[in-house]
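Annotation source TrEMBL lists repeat 'PPR' at 9-43, 44-78, 79-113, 114-148, 149-180.
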Amino acid sequence: MGSSGIEPDACSYSVFIRAYCEANNIHAAFRVLDRMRRYNLVTNLFTYNCIIKKLCKNDKVDDAYQLLTEMIDKGISPDTWSYNVILAYHCEHFEVNRALGLISRMERFECLPDRHTYNMALKMLINIGRFDRVTELWETMADNGFYPSASTYAVMIHGLCKKRGKLEEACKYFELMIDE
């Protein structure tokens, strides 16, 4: 591009980063990101989110956290999607403390968890039988002004129905859902 007299901009580089990420070539994506840094091009949320997603898919979640920190240092606020892609990794690997810690981090950085955030965490906690943490998270949701959607209730009811001795609790959430 540069040899034709047209200089690539941040948008052009972001397209390459996304393409490399979709082709599962994370090293090439980082080379493009490094070039953007060298030329002092402004990176954006889209650029970082593409790489964060691919890092998590390749089990490089610690590198994803480094990018989150870099984003914040550059004044780019991660959005719910940025956090949810990392949260999905923790939930898939049943990393309870890291998952719940990430939700707390979201709240500290004023990035409110959404329905998907809570649903992933609740499903993970139910699947591993951490009902104490399920109740705690449900209360946190209410404290934060989050009103469960039908899908959130479905996660609770379906998950609890599958667990021995939790049918009565599942019915309680069903009644709550109907009352709302």
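Cβ coordinates are placed from backbone N, Cα and C, and glycine is handled just like the others.
Outside the repeat 'PPR' (149-180), and at least 6 residues removed from its termini, the chain residues within Cβ reach (under 8 Å) are 115, 118-119, 122-123, 126-127, 129, 131, 134, 138. Note on the repeat 'PPR' (9-43): DSSP counts are 26 helix, 0 strand, 9 coil.
Per DSSP, the repeat 'PPR' (79-113) is made up of 26 helix, 0 strand, 9 coil.
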